[in-house]
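> Quick one: the structure is below, questions incoming.
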Amino acid sequence: MQDWEKLLQDDYLEIAGRKFKSRLIIGSGKFKDFQQTKEVLEASGAEIITVAVRRVNITDPTKENLLDYIDPKKYLILPNTAGCYTAEEAIKTAMMAREATGINWVKLEVIGDQKTLLPDMEETYKAAKVLVKEGFVVLPYIFDDPVFAKKFEDIGCAAVMPLAAPIGSGLGLQNPYNLIFIKEAVSVPVIVDAGIGSATDIPPVMELGVDGVLTNTALAEAKDPIKMAVAMKYATIAGRLAYLAGRMPKRTYAVPSSPTKGVPFKG
């Protein structure tokens with residue numbers, strides 16, 4: 001057991017009663033093939049991988065399937081409703097995924113605009129209400145809006161997934177204060193979704209005290225996805241440890257790091 005493992009041995013990401021050691025979640029899109037997806041997942045140390053039902057053949061056993069490469073006993077396969085633009089589409093997609101896989105978890109995405117891929121909060125909320133009633137563990141992709149985040153918790157969502165920046169933008173964290181407000185507003189896990197561009201974007205997010213971070217494009221479009229996966233693994237750990245350790249206060253003026261008492265020639 002490494003030093004960081006000892007420090008985090010009792011620290012878990014817990015969603016709907018299920019515990020995960022890793023706070024990094026991987027998206028499965030954009031990789032060149034399923035083999036690379038598997039290698040990146042293993043290198044990242046992640047225990048959850050999201051799967052776009054419309055884009056990966058998890059519902060068609062006659063075609064090559066991501067589940068042929070990833071053991072669902074070892075990882076949580078998290079179907080998502082990427083590509084849906086209405087609550088009705090998202091509900092049907094989630095139902096189809098559950099029927100095909102037996103998985104009742106869903107990362108709920110209802111997109112409001114094709115150019116920005118920002119979420120349609122009204123449609124997402126409508127879909128979430130139905131899916132929660134149907135027995136799903138719902139993790140909605142949302143704006144970094146603390147008011148809406150609380151509404152999603154109130155209807156029974158198991159976590160909320162606010163964006164750091166638009167999907168695939170790689171811009172990194174744009175509004176830390178809203179994420180802090182969301183963390184204060186809800187008691188369910190807050191998992192930052194979208195906008196991560198590199199491993200260096202992760203520690204500032206994790207230091208806010210959020211519970212986890214999801215990334216895909218930053219891995220798939222890296223020059224070396226495996227190395228980036230390893231970097232993100234340790235960036236997530238570093239950010240979490242920094243949050244738990246507690247940073248020093250920021251000050252306007254300098255404070256000497258060495259004692260001045262007894263310094264020669266100092267009056």
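Positions of Cβ are set from backbone N, Cα and C atoms, glycine also.
For reference, Swiss-Prot lists these features for the protein:
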- K107: active site, schiff-base intermediate with DXP (ACT_SITE)
- G168, A194, G195, N216, T217: 1-deoxy-D-xylulose 5-phosphate binding site (BINDING)
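Could you give the neighbours, burial and distances for every feature on this list?
Cβ neighbour count for K107 (active site, schiff-base intermediate with DXP): 26 (other Cβ atoms within 10 Å of its Cβ, all protein chains included).
A C-beta separation below 8 Å, combined with a sequence spacing of at least six in one chain, links G195 (1-deoxy-D-xylulose 5-phosphate binding site) to L163, A164, A165, P166, I167, S169, G170, L171, G172, L173, Q174, D201.
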> Taking the centroid of the Cβ atoms of G168, A194, G195, N216, T217 (1-deoxy-D-xylulose 5-phosphate site), which other same-chain residues have Cβ within 8 Å of it?
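These residues sit around the 1-deoxy-D-xylulose 5-phosphate site: G27, A165, P166, I167, S169, G170, I196, T215, A218.
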> May I ask you to report the DSSP-based helix, strand or coil state of K107 (active site, schiff-base intermediate with DXP)?
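Once the DSSP labels are grouped into three classes, K107 (active site, schiff-base intermediate with DXP) ends up as strand.
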> How many other Cβ atoms are found within 10 Å of the Cβ atom of N216 (1-deoxy-D-xylulose 5-phosphate binding site), counting all protein chains shown?
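The answer is 23 other Cβ atoms.
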> Of G168, A194, the binding-site residues given in the record, which has the fewest other CB atoms within 10 A of its CB?
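It is G168 that, of the binding-site residues G168, A194, has the fewest other Cβ atoms within 10 Å.
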